[in-house]
């Protein structure tokens, strides 16, 4: 039996390297996914998200200054990216020091800047600070904040630079000064960084029988409702749980839609299908990007979903996280059409990456952990580790 398992696993891994057309989700549940998101520059003094920097919905609270001699100094890593210009006024290399998360985001932004303006590079004017030039709780003291410009110092570009920083995954972006853009990130050890994409156990799904059931009671093999590419209701089988932990406390984004009796709770890096004022259709979008006025797709009654405007977005903590995966990669949670996936802002890519698990669902009993075990599924953990190095510019 062990030999059989090894062979099966080898075949599954090999399939990831083969472009199998039938493994993809086709056009997806909401039409074609190839729209390019229109990038809208930030206005002077605008910040995204529209909450204070040190709140849960943004970069989170300060954890205290980091000094060269402190134990936490090892949390800072140097950034020698040749595509970034560091001003380094102090001539100490301090501006190159930052947290791992900040480094990932600024490296992603550097690529976006060169793609947007050929011949122009990203310029960091202020990074980690050890001289006390900022407010006492500034994230600059922790290597979690940067002040940035473009290498040509063209202030007409700064609004778009701020937008690119938002797209690169910075947790808070502020067009703070006409001389620079301020960006910051969550702490590397924060719950918002480490947690996967999930729903609370109290979230309700509609079963194929028509009854409603909380996710905490959902079982592998159950049939739930989702939609096809036209928005018509269809049923889909629950294949496994990508993440299941009834004891874990997580911060959820609470989304309330106009005329919809239920409220959706979802972790910040889970994918929802959203139409914003700057997009041409419904696109897979991280939950933390959702804003009032965006459109979601909801089910009220009848045989299909309808568009509804988001009227409220807030944060709420609950205990219990659940992430079921269906054969279609989508499902209705509390009446809102959602993706089963998180972490990478591409529903199609996530769906294709998990194709081996869907193809081999008939022999699931021969693979490890394809049951109701708690925690993150082993296959997803491997993909997440690989994605950190291959697709880091699209990850929260």
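Just so it is clear, glycine is given a Cβ too, placed from its N, Cα and C backbone atoms.
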Of the candidates 90, 167, the one that Swiss-Prot places in the Ca(2+) 2 site of 126, 129, 131: 90
Identity of the Zn(2+)-site residue among 147, 188 (reference: 140, 182, source: Swiss-Prot): 147
Any further residue of that chain within 8 Å (Cβ to the Cβ centroid of 140, 147, 182) of the recorded Zn(2+) site: 125, 126, 127, 134, 138, 139, 145, 146, 148, 176, 180, 183, 184
8 Å Cβ shell about 90, 126, 129, 131 centroid, Ca(2+) 2 site members excluded: 89, 94, 95, 127, 128, 130, 133, 140
Residues satisfying Cβ distance under 8 Å from residue 126 (Ca(2+) 2 binding site), sequence separation of at least 6: 87, 95, 140, 146, 147, 180
Neighbour count (Cβ, 10 Å) for residue 140 (Zn(2+) binding site): 24
Cα-Cα distance linking residue 182 (Zn(2+) binding site) and residue 131 (Ca(2+) 2 binding site), given in Å to the nearest integer: 18
Spatial neighbours, same chain, of residue 182 (Zn(2+) binding site) - Cβ under 8 Å, 6+ residues apart: 145, 146, 147, 148, 173, 174, 176
